[in-house]
């Protein structure tokens, strides 16, 4: 209720700040009987963790996850699963200069005005570090969905600043530091160069990320408010720095005619997927396709005008170990959020309609 | 929980289908002491109702709202406010041909697969008609926010199909049938011509709508999941036919640098509003600016390939009284949804932080 | 969230006041495919309605229920079911003298202090009349549970003031005006005499009611907070005038030893049911047994000391048509509340654990 | 939603099992600005912890609480407060014999049937040990309520098996090992003797506990379902082993007449408190008075008939370190639960009605 719990039936309640002793989450509602250990979770956290290339923050965090509860003899028991991730790199001296001032484009300003108090160390609660527990919870959701429906999640970068990144195939995503679905060496070199220049300039840049879920059962979603796409939009817009969300054709649907946009059906399945896998707020069984816009990081070395708590003008430069493009590390986060939305709706559907109908009907296959 | 309630503290639970005896909603959590009568609600419903120009559906609905409870001697009592809107035009013969088939791009398919049963009359629960109770609830939210904070809501069309509509001033919005914030006669004529052609062709088109809230208190929103922008995205994506949502700079933020995107502050206030009035999920006190993409209506006269319940190929044409561009009537709906999000967060903020801090600090003003 | 919705997955949101135009509720989450019409609901309302004997209020209310939505061709569609019950007997002149004063033992005082405004007509929202929509919703819950699990609900009076009513058999409950499970003519005559004397004296009396559910699946309930018995206690204590709730042995368990209280098991089932059908917050498959204490009505003709809104001393006598013992009409209400708790937990269990395990295992039968 | 979170606005999500690495909770919704450290919480945990006398379990647990988040420089920040309590005494060999069988009167049976899997070590999630995090959360709630309204909580034993314990004064509660509000040496000796005999016999006994909150603001509670007394009943019945709950006069109200039960008012305040501080579900400003029945522990050394997982008859004796009367340690738990209910309603009231009215009006004082 107070904004730190995600999901209704598969509920993830997170806690922690960037530079406190630990961050973590409690997952309530994971079905019993799922084989689970830290080894199922750690690889997802490793994809998100800092320091994997020179293009992301150099903060040193092993992000070792520990399961504190909810698993007995390697199997979930249906009781809450607590995940704990100790903070190792708690250096906060880099942030000393921001305790009394507000970084332009940063939550500093709003936290201060909302609460009258804030933890300035590393952005405190507003740090992107808080996506780590979510990625852990998402790993559990993914595993359950995979075992039950064969659902798979994938994400890739489609735009880095003003560089468009064409989609060539999912197999390329982990072969480059940008999670680009491309093997175009010239393009990747351009991205490297752009990032290096940006880092030297002490500036940052935005990114567009595509996220897809395959093998989604038909029938997930609620008709009016907890529409599947509404909940996806909520999940994605809730990721730090996201400013836009599209489902299927997205903003391109504005210029489409009804005779073009509406995906026709044949006995072999849907002919196209402008809908992005959701009609009337309910999944069609096709791929769920989502695109998100991520703004440039607000913590940059470039000096900027701001004010202090008393309203006096100051110049703010943020030193420290920040991502010049937070979008680079966003792919596992976006996948995790999508998985959390889907498992919640899968459980809700089961509550309402029983197990039987959570099966993809034959005709729901998408014509390639 | 089951998807027909919007909001946590100002909760709107809707009911009804397009061609049943009535639609309506129950609003739970409206603060006591607000002067309220049907006269506060009806004008908002009138803005949304069908038949106001030749460019929208010709269905005849007076959309007369009745308050059944929660108001005593003209003042809200703090108990649930039930709104009832009888359905007058229940002709459903126009829809007879769709009971056994699925319109491409329509919820027909997913409702059937989810529930195993559906009410085909006029789209049943998935009809855009179900936005009427929300507009009614939004009118109450708007009134409370206006009286307490001076908050105002406005929306306008910014794109109709491939026609861009520049923003010239809010005063133009109600002077044309498209809710365009423009007085450009040539442009408006082009829009008329395009819509007429579309209607003759039996096709439909999408639209982009901008929605703004002014005089929003600083500090509304939760830090991690119930971020103000996440809840706005949820609300907007939940409106029928919406496929994309942007806050502030939206997808344009992708190509921006951090030194350009982050809105600087001076003692006089923010210098720009790329953030769209939200930082770290919490309102800054600036205008909340939102943009949404609305897809073309799926109910069109143009014949399209589809299947019936048994998977056999059929051709589907939808006769009846449909909007060729649902975006035209979407402005009051988008305003209502934004108002519902804001009142919910205003009440939540009051729960957490008390009355005192829900005041816009002096420096939160936006430099023009 | 704001206290007018009961249940999480089978959610009943009520609205209305005693003397407004109508009362009713919206039921969200009823599974699709249940055959349903007003004829399934009206008989339960008829059991609760006033005027059935001289021992209850003589207010004239037909309590005719109308289904406004959620049912198509006689079957639930999975969308919200709205029930409307018009108020017919809106005479409120009888209550004129209480608008400015507080009846001892009545919600007048607290509503006034909470909201700063109240609807005094017939107790407004605090009237026991508001149990009617709940009984309607409960009828739907009962039908679903009966069809799925064979669950049956029954309730009877066990104490009327200081008269103990022994349990002789459920078949007697509807053969007397007190819902006593007894055919003891002398006892029933004593009850009649006591009620007649009370009515003449302008006073009221309390009652104890027992409620039972039979054929409950094993496994319903949550381990820590939404324990089945906790939710039953919440439901029962929420009925107007209830001051105490017991599950199974209840307060008698205090004086029991562990070797006496804990129900032993044999291959044929449980040997006894001190637990009342709940262990560790989860149903055992045995009968759920509940007992509730209902206080005497606070609206009595006997003059009592009180104060007015300004704190001045006044004498309060309540004329009008009140129940001298609200417990008499409480049996269908208590059954309905128990049914609403059970269906909510049945759906929740299905979400968590799937359909399969919601079956009573062979050994869960109770040895007679 | 899945039963491990207590409270809506001051939400406590617990995790952990009796013999896992740690137990704890995440508190979401604590208002910012409250001075808080472990020293505010530990004393409450110390009152609950095992091993304080020979009459409670001899398990060795320091129950050292650590605050992991939500506090910065000694003050709450409005973000989630995570409490961690490591399990020190994880000996589980004592429980080996129960993994395949069901203790009569214990959650073993229902967990197994619900989940198909259970953690048998020390009762796993159903262990009374899980009340420790709640007591920690309750300490925070108490502090906020005390600072804001002067609210105080107290509880005492009123019945131990068949021994009635008269109330002589709160000052005696901590001067004896039973939390009895009595200084009667003969009575206390009888209680000691009874407990010693019980322990030798390998049996257990029940208890009745009274819980009181003083200086409660008027106006807390919702009118229909989240009545203050309904939520108190839910909270109390959710404590391990509780089988009955009374508010105010409780079951004694059944035999009372309306002219006796309804508490009269004079300009000086209420004349009596049969209501237990709640009318119509909303607090009156008087003391909240609650009484609960606690059943005898089911883990006893006395051999009892039961079955194993396969339905075969077995004899069950539970060795290990169990409380012969769990009621003895229940007083701090009951206080904590009551505090959690009150803070939740205080925040909810603030959301709905603003800060202003959460003040006890002059006339709400209770005449002694």
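Using the three backbone atoms N, Cα and C, a Cβ is placed for every residue, glycine included.
The model shown is predicted, which means the values in this text are computed figures rather than measured ones.
In TrEMBL this protein carries:
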BINDING   B:48, B:54  NADP(+) binding site
BINDING   B:125, B:126, B:127, B:240, B:241, B:280, B:295, B:296, B:297, B:298, B:299, B:321  FMN binding site
Counting other CB atoms within 10 A of each CB, which of the binding-site residues B:48, B:54, B:125, B:295 comes out lowest?
B:54
Within a 10 Å radius around the Cβ, which one of these binding-site residues has the most neighbouring Cβ atoms: B:127, B:299?
B:299
For the C-alpha pair, I'd like the distance in angstrom between residue B:54 (NADP(+) binding site) and residue B:125 (FMN binding site), rounded off.
25
Comparing local Cβ density (other Cβ atoms within 10 Å) for the binding-site residues B:241, B:297 points to B:297
Separation of alpha carbons, residue B:48 (NADP(+) binding site) and residue B:299 (FMN binding site) (Å):
19
Among the binding-site residues B:48, B:241, B:295, B:297, B:299, state which ones have a Cβ less than 8 Å from a Cβ of chain C, giving them in sequence order; state 'none' otherwise.
none
Through the lens of DSSP with three states only, how would you label residue B:125 (FMN binding site)?
helix
Binding-site residues B:48, B:54, B:125, B:127: which sit with Cβ under 8 Å of a chain A Cβ?
B:125
Can you grab the distance from residue B:297 (FMN binding site) over to residue B:48 (NADP(+) binding site)? Cα atoms, rounded to a whole Å.
16
By a three-class reduction of DSSP, residue B:54 (NADP(+) binding site) is assigned coil
